[in-house]
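Quick look at what TrEMBL annotates:
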BINDING   355-359, His418, Arg462, 513-517, 541-546, 704-708, His767, Arg811, 862-866, 890-895, 1053-1057, His1116, Arg1160, 1211-1215, 1239-1244  ATP binding site
COILED    108-164  coiled coil
DOMAIN    241-324  domain 'Phosphagen kinase N-terminal'
DOMAIN    352-588  domain 'Phosphagen kinase C-terminal'
DOMAIN    589-673  domain 'Phosphagen kinase N-terminal'
DOMAIN    701-937  domain 'Phosphagen kinase C-terminal'
DOMAIN    938-1022  domain 'Phosphagen kinase N-terminal'
DOMAIN    1050-1286  domain 'Phosphagen kinase C-terminal'
Amino acid sequence: MSGGEVKKIWVEINRLDLEDEVLAKGKIACVEIHEDDGIKEVKSRLCQCFHLNDTDLVFKLRNHRGSLIPIKGSIPSNSKSVPYQLEILRFHQNITPKPRSVKLASHMQAAMKKLQELMTRTDSLESDVPELNQRRLEKIRSEMNDLDKKLGFLNKRLNEADNSHWKGMFKKQPFWYAALHSVRFAEEDSKQNLEEKHMSTDRLTVTYCHGNASSAFLTATMYRSYCESLTGQQGPSANMDAKQRETEDLYKKLIHQSLLKKHLTTQVFNNLKAKRTSLGGTLADCIRSGCLHLNSGVGVYACDPEGYEVFKDLLDPVIKEYHATNEIKHPKPNFGDMGKLGFSDLDPEGKMIVSTRVRVGRSHAKFPFPPVATKEQRIEMERITCEALNTLTGELAGKYTSLGKMTKEEEKQLVEDHFLFKDDDPMLRDAGGYNDWPIGRGIFFSKDKKFLVWINEEDHLRFISMQKGGDLAEVYKRLVKAIHELEKKLTFAKTDRHGYLTFCPTNLGTTMRASVHIKVPFLADAGRLKEVCDKYQLQPRGIHGEHTESVGGVYDISNKRRLGLTEFEAISGMSEGIKKIMEEEIIERPKFLERKVKALQSSNSKSLLKKHLTPKVFEALKDKKTKLKGDLLDCAMSGLLHHNSGVGVYACDPEGYEVFKDLLDAVIKDYHKVPEVKHPKPSFGDMDNLGFGDLDPEGKMIISTRVRVGRSHENFPFPPVASKQQRIEMERITCDALKTLSGDLAGKYTSLSSMTKEEEKQLVEDHFLFKDDDPMLRDAGGYNDWPTGRGIFFSADKKFLVWINEEDHLRFISMQKGGNLAEVYKRLVKAIQELEKKLKFAKTDRHGYLTFCPTNLGTTMRASVHIKVPYLARSGKLNEECAKFNLQPRGIHGEHTESVGGVYDISNKRRLGLTEFEAITEMRKGIEEIIKLEKEARKKFLDEEFTKLNKSNSKSLLKVHLTQDLFNKLKDKKTSLGGDLLDCAKSGLLHHNSGVGVYACDPEGYGTFSDLLDAVIKDYHKVPEVKHPKPEFGDMANLGFSDLDPAGEMIVSTRVRVGRSHEGFPFPPAATLQQRLDMEKRTVQALNTLEGELAGKYTSLKSMTKEEEKQLVEDHFLFKDDDPMLRDAGGYDDWPYGRGIFFSADKKFLVWINEEDHLRFISMQKGGNLAEVYKRLVKAIQTLEKKLTFAKTDRHGYLTFCPTNLGTTMRASVHIKVPNLAKSGKLNEICAKHNLQPRGIHGEHTESVGGVYDISNKRRLGLSEFEAITEMRKGIEEVMKAEKAAASGQTKI
């Protein structure tokens, strides 16, 4: 019932559904509506007011601007003078849009009137004063002469100011000096305003701003340009070519404080602006990027090798200032003696340096740089370089890939791996660096990807040598070897003054950039990193390039100096500098610890670290170290950086539990809720007498079961202290042990380093593989040296897994679908006992098995199920009930995630102070109680939702026919397959806007719940009783029809489909995962027997890639999981398991498995040949019925999940062009007459596209298949006749 405030709206009707213009429009009426009215109530009031009785109408309401507004109670009140427009149309009616006009407000009308008067006066003046233009031109010429004199004076003073600093006797500089730093900016910024405000066509004036020389100069300059444009006279610049004019324009934009701005004085500019190199390079090519980018630091490039001499008046001062040198001179190349370099591995323990990289740039002699180079020149440089690269041998030999031939996936992957260059630098783009992209560009790789060559990135060539770790000597020697080899084949541009020449003058000389990715979080935190780097001529930046931030305290640190020293001097200086950086980092470590502890104690953190790291404990522990060199900072780093941590502390290594026990024991007792730290000896129980088996034998609730334990190698440190070599060694000894496993435990190991991105992504999505995305674990050192030493081991059936060096050294995982906890537990115990024969695990009598995080100590066991508990969760009591049984619920994607579809991950809480058998038993008992509580909550939910449905305004058939008496009669009934009333009615109970709202739980449900379902079936199918004839598909040789549209003028495509259900299997809400998999297996076996045109291939949704799935959905071949009503009916339970699609080779026959129904058989093709489509479908049905048994009854025909599809289950349809029939408004009427149903081509409730409709048979129950297809065929033929009549203009159709 409607409520809320009553208000009046004025509405004018516009009957677009009528051809009679007199009746169609003009009536205005006042309609009373309520604030809380919905669309149905407002429509009802409009129908009453305007006497609209036809239900086949569409209402559209527009405001005075012509915009559509929602039809509901919130419509604002209006006046009779400005009524809303109510447009009335018929369904599927095509309306040709008419031009709309919006009435002008009175003040706008007045403004328009004044404007017209002004235009009239202007026209009058133009005609009355023909000599006006002549007088204006004479005045302009006179003023131009005066302005030229003034401009000469101002320009002279500005040139003087450009080259000197004011040192006069007056306190204030002359006006022309004050103008120096603002004139060019003012020119650009004020140009438009000056033209609009100070230069009108009626009255030309020049405005001088008192005391502002720049404005005066600007105004005068612009005025002269303006006058030239009017008179056709031009100043000295008229004879400049396009390049010189561009140079002039660029120079005007130069307003920032770059080296370009500093050194491109007016005098230098005038000297260089007309010069060119022999390769065609100009000053504009050098300065374009710097003029366009106000944030440039340097702002200038060389146009080509010769440009360094031609434009040296600009480039020399830039080079000197950037390279901090008094003169430009460079020694001859000298790479040093490879046998006596004086450095080797800068970080042999692998604690600080992540990777090392040395690169040089080279330019081909006699080839221009990017802004001047042509496409042909780029291609030629690529060619000669590739010929040289192909001569490389040994470790340098490799393969070249052109950017033009690279797939998007390959390119993206190489960029993500930091191997390939991109075209995303706006400064380099405007410098011409990406001209002709990607032509002539590519990358060369050695086989081990330790030597790379970039072709035509920024420079012609970049030679790069790199590898993991800190062995600078190896990296440098490889690079030098490559340079020497390639210099035999290629000629590089260099001069005695500049050394090797590059596009950017900042890279001249050695062109060498030697860098390490190094962990220096303590120096950085102290704010001393730049200071220390400057001291040793080093440059720090983020690992993703200049101006980027550090990630995890890792910085890219490289040599600054390139010019004026040899290659050997550059690399030696960088080597010494990095060593000093590492020494300073070690000195800063204890200072960092003190700072961060003070910050933690003064914070609002609720972590256990803050609680138990008291000043006394800190003083006692701060200087302690384990034998493996672990210290307090290794334990507390994550919690010190993340004040939102719950725990905030880890153990640095196994020994750390004793060395730092003053802190760790207090945290352990607090977290595990125990009075003392003690743990019993391991006991896994008697495998033959566990006391439990399958916790959910019916498979109704538990989706999967998983038990895992963590283990740590004895005598190896935990992540923050472990070196790369130690990780690799742990990986090696674990793999040796895993190779000894046999039987159901035997499998294969894959390292993360060798895994493709696609494999890794798929394993993560399948919840098999770990990721590196936890910021707290990252700062604890958990991802150090990622992905080195890490990987995953799978048994053949993927029921046993081992993670190596994720968070813990080892994670052993046993898992499988369903609720058989005994099987899962036994498999895990068997694996543990086998591996303990080969590996030694860290444990103590107090702590049990040791792990990196103290929350996992003891048994280290986490036993969990993914379980459906939607009703207990809805009640809000899930957490409370779990707590009673020492269980922990969370979302299925990990801690702090949400449930999906009422499925939760529930596991044991307790790990310390009890045996493994006690832990698994406690978890088992808790899960059994949760299952009982869920069943109770389910019954309560049914009662509550039925009450809500009864009180609602729902028009569903469920509400109509499920009376209180009937509800009481059916609510406790069950089928032999376990289906109940809630399985049938859940969707309709939750969705009061359902049309039907009821499904069958399983085939037997049509009998068990016949009191409800029969009433719904009769109501929906419009039949007096539920009865159906025996299947009859007709005589395939004498169907009586063939192609309904042989000319191909109207029918776009034809499709016939039927649904089928497996006998003995429940429908979606009652089906288990195993039953879905069994149905899939049976169906695929039957499909594989098909031959001829029906033969094809099956693809499961589970194995389908995201790209394949998306493409099939877009092509309308595959089903989706996006219907909320079907979801709540259970239609998507266990998605995507047990589901897939079968295609014939020509894609004219399809089978959907476990979409809504168990099976959907679909025959389809382009055009109107209904006979071909129907025969193919019948042939498939009859062939598959030999292999599969389908559910049917004498009353219902073939059984389906939804009672609306019973009987033949057949939907025969065409996509047909009927634009004229639709426009006439007769389409629905004719379709109804012949038992047809028209809708948009994208499904029910969608609109037509281009006059094309999907028209299908309505009737499925009470007639044979042949009768249904014949009725549809005759109806389509009548529709086609009517369309032709409508197209010819006949009024009677």
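Start at 1 and count along the chain as shown; that gives each residue its number.
Cβ from N, Cα, C; glycine included.
TrEMBL: automatically predicted annotations, no manual curation.
It should be emphasised that the depicted structure is a prediction, and the values quoted were computed from it without experimental measurement.
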Cβ neighbour count within 10 Å of Ile543 (ATP binding site): 18
Structural state census, the domain 'Phosphagen kinase N-terminal' (938-1022) (DSSP three-state): 52 helix, 2 strand, 31 coil
Arg1160 (ATP binding site), number of other Cβ atoms within 10 Å: 22
Arg513 (ATP binding site) CB neighbourhood, other CB atoms within 10 A: 21
Neighbour count (Cβ, 10 Å) for Val865 (ATP binding site): 29
Overall pLDDT for the domain 'Phosphagen kinase C-terminal' (1050-1286), taken as the rounded mean: 92
